[in-house]
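Below is one structure, written out as structure tokens; the observations come after it.
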Amino acid sequence: MRVMAPRALLLLLSGGLALTETWACSHSMRYFDTAVSRPGRGEPRFISVGYVDDTQFVRFDSDAASPRGEPRAPWVEQEGPEYWDRETQKYKRQAQADRVSLRNLRGYYNQSEDGSHTLQRMSGCDLGPDGRLLRGYDQSAYDGKDYIALNEDLRSWTAADTAAQITQRKLEAARAAEQLRAYLEGTCVEWLRRYLENGKETLQRAEPPKTHVTHHPLSDHEATLRCWALGFYPAEITLTWQRDGEDQTQDTELVETRPAGDGTFQKWAAVVVPSGQEQRYTCHMQHEGLQEPLTLSWEPSSQPTIPIMGIVAGLAVLVVLAVLGAVVTAMMCRRKSSGGKGGSCSQAACSNSAQGSDESLITCKA
């Protein structure tokens, strides 16, 4: 049995690793399902993605030409055809179950058949450093709002409203929590251990962040200091700003950790400071890939800062030079045209412009 859920709220076989296996930190496996109804355009679309830690390893899309579970990581591609056939059938059963649930939910909320609605689920397990279940999850959301969730005890449910209480009574009558608990404590943990072993070069690596602090003047009186962490894995990281040793949490702008597109992550934290007091502020960073926490501060550049008015003046000069260049080119064209070579100058100008553009693009790509 498999289960899943949202942020606003998807494996039978033994893992082959002993319970004595240990890791430096905890690990997780999550399945995220989304079913979206689309009245007048066929059956609801169902998409499921699976993650081990921060790495996607499987995907299913009911709208695919040939819907099947698709590997998204090299270490799961080694699973045989029986595995993929079995997983595909589970996805298809889950898709059908979600279609029924969408119809039921529309009735619970007394909604018409005309609108589109969304059902999301997340399920999975966390594995502790001792190789045992740390926590299990099964949560659902409807139209972007929390609906029902399995509690941490893995024995009871929390319903968000009276409609969800209908579902809760059905789940309790079916003793669904017991089945989920067996899955989370057994199958989920066993497969997570297996994936961690098969993909250990990727999943159990720790890449430290590349760090620096940038300075962005806002006015004569204030500036923004931004502390950057780039190219790190896993995604869990802590960034904080301090002023004279005191946390500036309330005054810090902190973005969500973002994927970099190459399997690593990036994040930054920013704080607005009075000009001239930058050295009183320090950025503090903690990550699994660091031997010890880092403390960073802004290092003023040895190059002079160009004031805004200077930049504007420089741009104005460039514009004037560009205009003068165009005038000179036009005059040269007229002279050549008077000598019976009218088209060649225009063609040459286009050719030179194109070559310059190509070189620029090549440089950017490199």
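Note: Cβ is positioned from N, Cα and C throughout, glycine not excepted.
Annotation comment: Swiss-Prot describes 3-11 as region 'VL9 epitope'. If you look up Swiss-Prot, you'll see 25-114 marked as region 'Alpha-1', on the strength of sequence analysis. According to Swiss-Prot, the topological domain 'Extracellular' annotation covers 25-308. The peptide antigen binding site feature in Swiss-Prot is assigned to Glu87, Gln94, Ser101, Tyr183, Tyr195; the stated evidence is experimental evidence. The annotation region 'Alpha-2' is assigned in Swiss-Prot to 115-206 on the grounds of sequence analysis. Taken from Swiss-Prot, the feature disulfide bond applies to Cys125-Cys188, Cys227-Cys283. Annotation source Swiss-Prot lists region 'Alpha-3' at 207-298, citing sequence analysis. Per Swiss-Prot, region 'Connecting peptide' is recorded for 299-308. The annotation transmembrane segment is assigned in Swiss-Prot to 309-333. According to Swiss-Prot, the feature topological domain 'Cytoplasmic' maps to 334-366, an assignment based on sequence analysis. Feature annotation from Swiss-Prot assigns phosphoserine to Ser357, Ser360.
Features recorded in Swiss-Prot, as mapped to the structure shown.
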residue: Ser101; record: peptide antigen binding site; Cβ contacts under 8 Å, 6 or more apart: Ala35, Leu119
residue: Cys125; record: disulfide bond; Cβ contacts under 8 Å, 6 or more apart: Ser28, Met29, Leu133, Leu134, Arg135, Gly136, Tyr137, Leu184, Cys188, Val189, Leu192
residue: Tyr195; record: peptide antigen binding site; Cβ contacts under 8 Å, 6 or more apart: Met29, Val52, Phe57, Trp75, Val76, Leu203
residue: Cys227; record: disulfide bond; Cβ contacts under 8 Å, 6 or more apart: Thr211, Val213, Leu239, Trp241, Trp268, Ala269, Ala270, Cys283, Met285, Leu296
Exercise. Can you tell me how the residues of the region 'Alpha-1' (25-114) break down into helix, strand and coil by DSSP?
Worked result: 32 helix, 27 strand, 31 coil
Exercise. Across the topological domain 'Extracellular' (25-308), what is the average pLDDT of the model, as a whole number?
Worked result: 94
Exercise. Taking the Cβ of Gln94 (peptide antigen binding site) as the centre, how many other Cβ atoms fall within a 10 Å radius?
Worked result: 22
Problem set entry | Around the Cβ of Tyr183 (peptide antigen binding site), the count of other Cβ atoms that are within 10 Å | 20
